[in-house]
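Novice: For reference, the structure I am asking about is given below.
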Amino acid sequence: MQLMSVVDVRRLAVGYDGREILHDVSMSVRGGEVVAILGANGSGKSTLIRTILGLVPTTRGEIDLFGTPQRKFRDWARVGYVPQRLGAGSGVPATVGEVVASGRLARRGIFRPSGSADKKAVREALTAVGLLDRIGDPVATLSGGQQQRTLIARALAGHPDLLVLDEPTAGVDAASQEAFAAALGKFAAGGGTILLVAHELGPLRPLIERAIVVHEGHIAHEGVPPEPAGHHADPGHDHLHPHAAPEKDKICVAPTDRITAV
Amino acid sequence: MDLFVYDFMIRALVGALVIGLAAPALGIYLVQRRLSLIGDGIGHVALTGVGVGLLLHHSPVISAVIVSAAGAVGIELIRQRGRTSGDLALALLFYGGIAGGVVLVGLSDDSSNANLMQYLFGSLITTSPQDLVVITILGVAVLLAMTAFRPALFAVCNDEEYARVSGLPVRTLNLLMAVTTAVTVTIAMRTVGLLLVSALMVVPVAAAQQVTRGFRSTMGLAMVIGLGAAGAGVAVSAEIDTAPGATTVILALGAFVLISLGGGLVRTLRRRAHQPREVEPPDVVLQS
């Protein structure tokens, strides 16, 4: 069971509005593995996991989840998704407990009311991320890092086998990052599989068994997590990036073929 | 209160209470999605349905349910596409709805202005026993759907992508919301009228969330405020001879103002009580 492939991506291509973002990507994650997808902003790393989760349609290629083609996959309770931030819909206050309880719906279904097993799972998940004392507080009053921990608790509450996280540590304070790493470590120690996207690994680094580096829509490296390079290696580096460099001059190359044709 | 010895007043009161309870139960999801004005738009579309009903000598309520449900599903499909042109498409649909309604009502046999006003601003005391049956059945259905599916609807409105990854039937739940909105608009047409329908869905929620901390408590309190405003609206309007719909909305807005002020006062007092006043040390060296 441990050797079964949990995520299997073969020759995947994805594009929006006619522009291809991922070209011919193949990768797989085995049961119990902790894999990080790394890459610069705009490399296509978030698109890759969003496509694996079915949020972005594929252009070409195949994705299997737990050995089932993604299109036919129905057992979504086995997958716990942790998005980058809390959804935009927050016009009405909601407590931490209410948000985490959403994580039980995949297990319970929409017709069955919440029972004692659901309440227990919510409390356990909040304990795992160290936020049980905030269960009755509105999520809007939490710090960014605590909100992120609420989202991981929501995913853990459904007792998934695979946890998929999109940039979990982006903009998260140090205390929350460590609470985060501890919760993920416990999940992995219990045999869980983790696939996460990150810009930098930070305190999650000791957990990562394998890294996949995405660059310009291709897989550029796969194996041991690469050491941070240059000023990224400084402990005090705060990762403020200017906008990506403009594309090389390909767009403005003179159409020499037409010039000669005239 | 001797007004409630009349049957028509009792019918008016029951109809208002059903809507006062059902409208905020649905409205909370619209507010959570930041779609507070969608009820207003569907109200515009429902007027075309009223026009169709009057023109064909059918019940305007039934044709309004059908037309506004079709409009709501159309709006939901535009929203799912998630394109910026959706905003403009909504505007076209809304103005098409109200203009179509006014023209169709004008073409019908019963084309008096009073008739049009009755649908735009409500006409509670003309509620017939048959109307009341329809309002009660549909109102209870809306209430049941909104409370029974609360966890799933909350999940969809709070984080639609997460709900999709959880394997929830997101599209079906969204269509359920769209159709329920149309039904609520149409039954509330009698009480507050199509131009004020949205207020009954949104204002009680806005008032409740000034003092609540969670989604469930907001929903409960909003329903209590909706019920209170609707009941008081009927009674007050009968006493001082004003339009019941507008009176209900004014009362709900009054509740919003009072609760906001009260909530703000409680928070300030609590903060004062918890934080002892700190005296800043002087910036200069004091010489004795």
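Note: Cβ is positioned from N, Cα and C throughout, glycine not excepted.
TrEMBL lists these features:
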type: TRANSMEM; residues: B:12-30; note: transmembrane segment
type: TRANSMEM; residues: B:90-107; note: transmembrane segment
type: TRANSMEM; residues: B:132-156; note: transmembrane segment
type: TRANSMEM; residues: B:168-185; note: transmembrane segment
type: TRANSMEM; residues: B:191-208; note: transmembrane segment
type: TRANSMEM; residues: B:220-240; note: transmembrane segment
type: TRANSMEM; residues: B:246-266; note: transmembrane segment
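Buried or exposed, and what's around them? Tell me for each listed feature.
Specialist: Counting only same-chain residues 6+ beyond the ends of the transmembrane segment (B:132-156), those with a CB under 8 A from a CB of the stretch are 11, 14-15, 18-19, 21-22, 25-26, 29, 32, 61, 65, 162-163, 166, 168, 170, 173-174, 176-177, 180, 183-184, 186-187, 190, 215-216, 219.
Counting residues 6+ beyond its ends, the transmembrane segment (B:168-185) has Cβ neighbours under 8 Å at 19, 22-23, 26, 29-30, 38-39, 42-43, 46, 65, 68-69, 71-73, 75-76, 79-80, 138-139, 141-142, 145-146, 149, 152-153, 155-156, 160, 194, 197, 201 in the same chain.
Within the same chain, residues 1, 3, 9, 12-13, 16-17, 19-21, 23-25, 27-28, 124, 191, 200, 203-205, 207-209, 211-212, 247-252, 255 sit at least 6 positions outside the transmembrane segment (B:220-240) and bring their C-beta atoms closer than 8 Å to a C-beta of that stretch.
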Novice: Are there residues at least six beyond either end of the transmembrane segment (B:246-266) with Cβ under 8 Å to its Cβ atoms? List them, or say none.
Specialist: 16, 20, 121-122, 191-192, 196, 199-200, 203-204, 206-208, 210-211, 225-226, 228-230, 232-234, 236-237
